[in-house]
Each structure stands twice: as structure tokens, then as C-alpha cells.
Amino acid sequence: MNPEQFQTALAEKGIELSDTQLKQFHDYFEMLVEWNEKMNLTAITDEKEVYLKHFYDSISAAFYVDFTKFDTICDVGAGAGFPSLPIKICFPHLKVSIVDSLKKRMTFLDALAEKLGLTDVHFYHDRAETFGQNKAHREKYDLVTARAVARMSVLSELCMPLVKKGGSFLVMKAAQAEQELQTAEKAIKLFGGKVEEHFAFSLPVEESERNIYVITKTKETPNKYPRKPGTPNKLPIE
């Protein structure tokens, strides 16, 4: 998917990009490839692949969820900024917080946000388990996103405490998500969530499977969650 195809594909979904936004995506790609030579940000560096598997894939959530209804977003373990920064470029009104435990990724994201001229973007170098117990952030976000390889039961413990009551947790998964959801149902309920919607679709060009789950926060997460760093991964609630 080249930049022109990317622009057309988004326009077909109702997302019209300005010249400024297209330049932001171009600069994002260039910085990603440049910095990737110094640090391991992504295995995907080909332009067409980046536009499809990072940019388009991140924004695909907006085909099913109305981001104009949200004000604050927290992205847990965003790595090189996915999915939150491509979403932020498309929806500039959003106030975005990104949490990641690797300091070098924070350095990249800081430089990237400055280069792209992104405002209302904040980066936190922290473990998700610690961040979720921080009163300044706990149950403060309209939407929390995760596009990660961790199991859904683990992601739920890391992300649900950050979602405000009435807000949403958006899980982006590749294949075999249904099986994961079944093992995560106990955890989702325990942390105050309810699975509201599931969208299954294929990425264009390569037709790889994608799943998006929208989990609504119906009640507060018990204070003891998330547990200490490392525990959710070692002893997932399933």
C-alpha cells in the first residue's frame, strides 16, 4: 500500500487526510526507518508495508469506533507509537498518553512528536502495572488501547484500571482472538468490563485477519489490580 493508495483507502472509509496530515505520515515513516537503524523499533521498514501494517492497521479501529466521541486516550505499550499516533494524526483533537517501559522508545516518540508538530501528546516511561496504580491516571481515560502480543487476560489487567467508568478498552488482535477472549472473560468481568462489540475484518492487499474488541467499563476495577510488575504475565487471571 503506497501513500496514494493509503490516502484513497482512508477516504473510502470517510477519513479525508489534508496535505499536512499526509506529510506527517511521510515524516513518521522516514523517522521510523532512520531511528530503526539505531534501535530496534520495528521489523517492518518497507514503505508499502509500513503504510499498510502500521499506519492503516492502526487507523482501522476508526472504521468501527467513532473517535470524535473521545477526548482522552491512553495507549499501553505503544512501542513505536502504534496505534495511538496514527489515530492522533487523523483526529488531532485527541489528548493522547503513551506508556512504555523502554526508555529508548520514549526518546524516539518524543523526537517524533516534535517533528510532526503533535500537541496534547504525553509520554510516560513506566511499567503498565505501576502506571495503573497511579491515582493521577487510574480510571481517568475515555479510551485505552492495546495493539499487543500479550494475551487478552493480561492486557485486561494492565489496561482496564486506566479506563474511566463508562469508557472503553479497545483491543486490537490478529488471528485466533476468539479463543483468547474465552480465556479472558473471567478477567474482563473481574476488572469491571463487559465485551460490547467485536469486529472481524481483513487487511487489504494481504488479506490477513484482524479483530477489534470494544470492552465497556461498567464498574470500577478493584484496588488491588493491576498486581505487581510481572505478576499479570506470570499468573494471568483465567
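Cβ coordinates are placed from backbone N, Cα and C, and glycine is handled just like the others.
Annotated S-adenosyl-L-methionine-binding residues in Swiss-Prot are G77, F82, A128, E129, and among R138, R147 the one listed with them is R147. A count of other CB atoms within 10 A of each Cβ picks out A128 as the most crowded of the binding-site residues G77, F82, A128, E129, R147.
When the Cα positions of G77, F82, A128, E129, R147 are compared pair by pair, the longest gap among these S-adenosyl-L-methionine-binding residues is 20 Å.
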